[in-house]
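Engineer: There's a structure below that I have some questions on.
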Amino acid sequence: MTDNKYAWRTRDIMMVATIGVIFGILFYFWNILWDALKPLFLFFPPARHIIYGFWLIPAVLVSYIVRKPGAGLISELIAAIASALIGAKWGIDTVISGLVQGIGAELIFGLTLWKNYKIPVLILAGAASAFAAWVHDWIMWYGGTEPHILVTMLVFIIISGIFLTGLGSKYLGDALKATGVLSGFPIVKEKSKE
């Protein structure tokens, strides 16, 4: 019998679900912050997308920890469902958005066959999730927006995906690893070459 590194264990399922629910709750408060910060960006509203990347973290963070096909997508979707259930103002679109964001990140990890979790891949996954989020939001919310505003939003959301999502997930994952709470997960078993 061979050991299938892609086989899901109970602890993988629990980690994916737990981080998803925790971030779903955090998203509720991030939604409030998103609205509260709106006046600070009145000078240039698209710049507010610089903080968008927080909503994308579960897809990259969970992928970095669990390293199984679909882990990030499922966790992002669970976070979106939890956020919608506790009152996200965007309703069911919160779930659709979470699905799209998770797919964006998952595509990058899939291109590496779920074998590469180095910083450049985490950054690309954050950027891809951000791009997917931007496409979704453009279709759902910004269809009549002027092209130069859409491009500016894209620039800010990609920057957020790189730093807040990609690098943020790397540092958050490493901080959790240092506590010992991730014992038995692939993130702990790797020898860092970065």
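Heads up, the Cβ atoms here are built off N, Cα and C, so glycines get one too.
Features from TrEMBL:
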{"type": "TRANSMEM", "residues": "12-30", "note": "transmembrane segment"}
{"type": "TRANSMEM", "residues": "50-66", "note": "transmembrane segment"}
{"type": "TRANSMEM", "residues": "73-92", "note": "transmembrane segment"}
{"type": "TRANSMEM", "residues": "98-114", "note": "transmembrane segment"}
{"type": "TRANSMEM", "residues": "121-142", "note": "transmembrane segment"}
{"type": "TRANSMEM", "residues": "148-167", "note": "transmembrane segment"}
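Please go over these features one by one and say how buried each is and what sits next to it.
Structural biologist: Sequence-distant contacts of the transmembrane segment (12-30) (same chain, at least 6 residues past either end, Cβ-Cβ under 8 Å): 54-55, 57-58, 61-62, 65-66, 68, 71, 74-83, 85-88, 185.
For the transmembrane segment (50-66), the list of distant contacts is 12, 15-16, 19-20, 23, 26-27, 30, 33-34, 37, 72-76, 78-79, 97, 101-102, 104-106, 109, 114, 117, 122, 125-126, 129-130, 133, 156-157, 159-166, 168-170, 172-173, 176, 182, 185-187: same-chain residues at least six beyond its ends, Cβ to Cβ under 8 Å.
Residues of the same chain lying 6 or more positions beyond the ends of the transmembrane segment (73-92) and with a Cβ under 8 Å from any Cβ of it are 16-17, 19-21, 23-25, 27-28, 31, 56, 58-59, 61-62, 98-99, 101-103, 105-106, 129.
Only residues 6 or more beyond the boundaries of the transmembrane segment (98-114), in the same chain, are considered here, and those with a CB under 8 A from a CB of the stretch are 6, 55-56, 58-60, 63, 67-70, 72-77, 79-81, 83, 121, 124-126, 128-133, 135-136.
Within its own chain, the transmembrane segment (121-142) is flanked in space by residues 52-53, 55-56, 59-60, 63-64, 72, 76, 93, 96-97, 100-105, 107-109, 112, 149-150, 153-154, 157-158, 160-170, which lie at least six positions past its ends and keep a Cβ under 8 Å from the stretch.
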